[in-house]
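Lifted from Swiss-Prot, the feature list:
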type     : residues                                               : note
BINDING  : Ser20, Leu21, Ser22, Thr67, Asn92, Asp107, Tyr229      : shikimate binding site
ACT_SITE : Lys71                                                  : active site, proton acceptor
BINDING  : Gly130, Ala131, Gly132, Gly133, Ala134, Leu227, Gly250 : NADP(+) binding site
Amino acid sequence: MPLDIKTELMGLIGYPLQHSLSPLMHNLTLKKMGLNCIYLALEIEEGKLPEIPSAIRTLNFRGLNVTIPYKEKIIPFLDELSPEAAAFGAVNVIKNKNGHLHGYNTDGRGFVEALREEGIDPGERALFIGAGGAARSVAFALAGLGVSRLDFLDLDFSRARQLAEFITSRSSSLASAFLMNTLEFQRLSRTASIIINCSPVGMFPDTGKSPVSKEDLRGSRAVLCDLIYNPLQSRFLSLGQELGLETMNGLGMFVQQGALTLEILLGQKPPLDYMKEVVQNQLEKRVDPD
């Protein structure tokens, strides 16, 4: 569909964005849906962030996705937050409602929908590698599903402790914090029903890295999940598969988040299978350009 004066604007703000697949996924999906919209990648330097709300209103953007490092920093500039965004203290979708900017967070729901799509039961005890913003959203969602115990491992113990306290204060689940090291991971992984890598270790271009070793995973019966989707098969998941463990990559969560974004901004359900196909094909091209 040709661009014209009626073309509606959407986009992604963050820094850096050169490896993001969101513009490709959203633009092809919008075309598939027959909508006169365009989705732009907007690299914003930190000092320019306060100018974004007025730009959204002036240019009449329908909405934006928000990624690192602005998920928390954008909040003071918004007019309203969804319950999830307020609870998590982070926003990844902004909807422009006639100049009224409403912030949402779809991270946790995206992960839960991905689990359901794969038929994975998270069980009773979740172990998190990393205690940043992604871990916060996913942990809160799992607590809502009834996961009774959540353990957080991080190289920054104070960050893990803060997240554990946050979950304990807002749910009936028991949450604990530990300093990330081999012995603690091995001990906790033996009783975990699901282990989730919420760290960037293993993400493109450092695809040969894993937050833990094969020996660390030996003896665990947990489902392994990686929030990384580039590459589709992270080193962490490969090690688990070598030991016969069930695994789930971050593609489903990424696509579900994208679908939820379009539902929020457009009020329509997008073609989920098509969105996944677009991203998967692009990632496979990166692995094998021929």
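Note that Cβ sites are derived from N, Cα and C of the backbone, with glycine treated the same way.
Considering only the binding-site residues Leu21, Leu227, the Cβ with the fewest other Cβ atoms within 10 Å is that of Leu21. Taking every pair among Ser20, Leu21, Ser22, Thr67, Asn92, Asp107, Tyr229, the residues recorded as binding shikimate, the greatest CA to CA distance is 17 Å.
The binding-site residues Ser20, Ser22, Thr67, Asn92 differ in how many other CB atoms lie within 10 Å of their CB, and the one with the most is Asn92. Residue density at Ala134 (NADP(+) binding site): 25 other Cβ atoms are found within 10 A of its Cβ, drawing on all protein chains shown.
Sequence-distant neighbours of Gly133 (NADP(+) binding site) (same chain, 6+ apart, CB under 8 A from its CB) are Lys71, Glu72, Phe88, Ala90, Asp107. Gly132 (NADP(+) binding site) is 22 Å away from Leu21 (shikimate binding site) when you measure Cα to Cα.
Here the binding-site residues are Gly130, Tyr229, and the one with the most other Cβ atoms within 10 Å of its Cβ is Gly130. Sequence-distant neighbours of Gly132 (NADP(+) binding site) (same chain, 6+ residues apart, CB-CB distance under 8 A): Asp154, Arg159, Cys198, Ser199. With a cut-off of 8 Å between CB atoms and residues at least 6 apart in sequence, the same chain places Phe152, Leu153, Asp154, Asp156, Arg159, Ala160, Gln162, Leu163, Ala164, Ala177, Cys198 near Ala131 (NADP(+) binding site), listed in sequence order. In the three-state DSSP reading, Ser22 (shikimate binding site) counts as helix.
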